[in-house]
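**Q** To start, I am sharing the structure in question, which I have written as structure tokens.
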Amino acid sequence: QPFWLVLYFCFNLGLTLYNKGVLIHFPFAYTLTAIHAFFGTIGGVFLLKTGIYTPAKLSNADNLALVAFSVLYSINIAVSNLSLEMVTIPFHQVVRAATPIFTIFLSMVLFGSRSSGQKVASLIPVVVGVGLATYGDYYCTTAGLILTVLGTFLAAVKTIFTSILQSPPSLSHQHHSDSLLRYLVPPRLHLHPLDLLARMAPLAFVECVILAHISGELERVRLWSVQEMTPWTATILSLNGVIAFGLNIISFTANKKAGPLSMTVAANVKQVLSIILAVLIFDLSISFTNATGILLTLAGGAWYAAVEYKEKR
């Protein structure tokens, strides 16, 4: 578990910095996501042909559930991008820091699961710490606030559903097979992380292209390509897609081994680590409040990890 979480940190931080550099010259978020999904599709086919994993045999209902999950994945990206246009980045980061709270709430409502008092308490410094670390201009519109909260909720749902799809069937799942729960959550398909990635990538690619077309981004990409596309630019975008493919493999695997709540906490700690890295690389200055928030989030993440380790033992 620690190995995959550390690997997730490294790839996520690297891709975050890479994406920021790419989007400065290639400001097309939907298209960039489609490029990531395209390379995920190619990588998934390659891994399948080389026999790295054996694909599961799924029914039509199972395949339909995966299509629905891919729509959730694409909508999550769309809502996040739309909310960023209406609120400032510090406000967006603070609201997204509440993802672990949504994760605990959804797990309780959908499955009746309970988290220990220590685990819940460890989330408080994580959420408060990210708020202090990103303290700044907290301007937002009403629509922006609604979309940001909705995006945070969808992020928690996506993380939980990713874990469910990779889980083996259980007695509790069979018990709820005839209840309303089966219409709210995907089936437990016990999918290999690479199998899930190979199935999700082509669906996400098509859906992101559709989003780019609806938003008018594809036409802007076409005009940009005529003027700016060079072999070097194509190489940079391709390398970005390869790194994204690697991150997807690590993310799905880490989710399976660590669980959805650990992943949401890891994402929050990664958010603060990216601030630290940006300060070091770009020689930025941070306030005492920001520094306090960084330390508080790291301490909360370490506390949660210690509680998780103790409970699993």
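Along the chain as shown, the residues are counted starting at 1.
Including glycine, each Cβ sits where the backbone N, Cα and C put it.
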**Q** Quick check on the annotations: TrEMBL lists transmembrane segment for one of 94-113, 194-213. Which range is it?
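**A** Based on what TrEMBL states, transmembrane segment spans 94-113.
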**Q** Restricting to CB pairs under 8 Å, which listed stretch, 28-52, 94-113, 145-165, 288-307, is in contact most with the transmembrane segment (64-82)?
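**A** When the Cβ pairs under 8 Å are tallied, 145-165 comes out ahead.
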